[in-house]
């Protein structure tokens, strides 16, 4: 029952939060929706429900008392021009698609299964692939800036085309997020005094998101082109429908939470693993718990190293026990200060914040804390540096 209360509290958080926290609450309401409507409540212990409830309540209190950030004069941003930003956004989007194809091994290799592509990349191909992902995010941030300023339908069409093309190539569902969540957040922030409009908009947008999610899953599961035929497509489609949206989230969350109720806690291992690139210089490395979680549930995989992401609530409990509820305010505080910094960079800076947060915070909420934090740091750093360079050489109004 407390999961039900947690879900409705998260919806209240969407309506009452400051604009920098809207995506945080959209992410958590999405996770709680899956936990609420796709589960057998017999799987949830009272302790699990209490822990999630306290986590959400503490986040709500923190977000309600977060100060509002005053934005600079965005209408007179000398580093913003609709025409230049649109052209650059489309160009970077196209470049990101070509780079991904190159990173996958060429046009013929793109039709292989995503597992084959991921396990056979060279270091150079991995670098090119990561660069394509960053350029994709920067492309969306630029086009989103045009939409934010002018409400240009053309910019939305460009974003949709680039995103669908990138989804078709990568078959990574997370790339839906930088398109869907910022647009939702912008709409909600402008209509917080009109809850009915938000409900209707949220319902329609959620249906669109579920459709694109299932479509991406279908392309992800059809495998290499040598298996393609009508019967194979029908079988995969049926599997996608049977699997639904994040059905394994419930099993992962409940199983891992119950395990760590009786076991020693990880004492921050998830967060220490984020600094592994530094630790490796000194010959040390902290094992990422997402692999431990996977071994607990599925055993060891010999094709690809398996990982499991049991929501940020369970990961927080596995690391810190009852004190894990304090990680929620930590993320809200971090988001607040990132928004304060990015908003000082003008329109594009604000949209860089939205795109980075929209990509990383849902991953963290899902339980992929390591990758969510890593992508947040790298994407923000890359896009802010790129924006600074572009301001000097291209974006400044003539």
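Yeah, the Cβs are placed from backbone N, Cα and C, and that goes for glycine too.
Looking at 126-150, 226-250, the range tied to transmembrane segment in TrEMBL is 126-150. Given the ranges 85-105, 253-273, the record in TrEMBL names 85-105 as transmembrane segment. The stretch that TrEMBL tags with transmembrane segment, taken from the ranges 4-22, 23-41, is 23-41. Take the transmembrane segment (126-150) and the stretches 85-105, 156-186, 312-334: counting Cβ pairs under 8 Å, 85-105 has the most. By the Cβ criterion (distance under 8 Å, sequence gap of 6 or more), the transmembrane segment (346-364) is counted as touching the transmembrane segment (156-186), at least 3 such pairs being found. If one looks beyond the transmembrane segment (85-105) by at least 6 residues along the same chain, the residues whose Cβ comes under 8 Å of a Cβ in the stretch are 112, 117, 120-121, 125-129, 131-133, 135-136, 138-143, 145-146, 152, 154-155, 158, 162, 165-166, 169-170, 348, 390, 394-395. Counting Cβ pairs closer than 8 Å and at least 6 residues apart in sequence, the transmembrane segment (48-65) and the transmembrane segment (198-222) reach fewer than three and form no contact.
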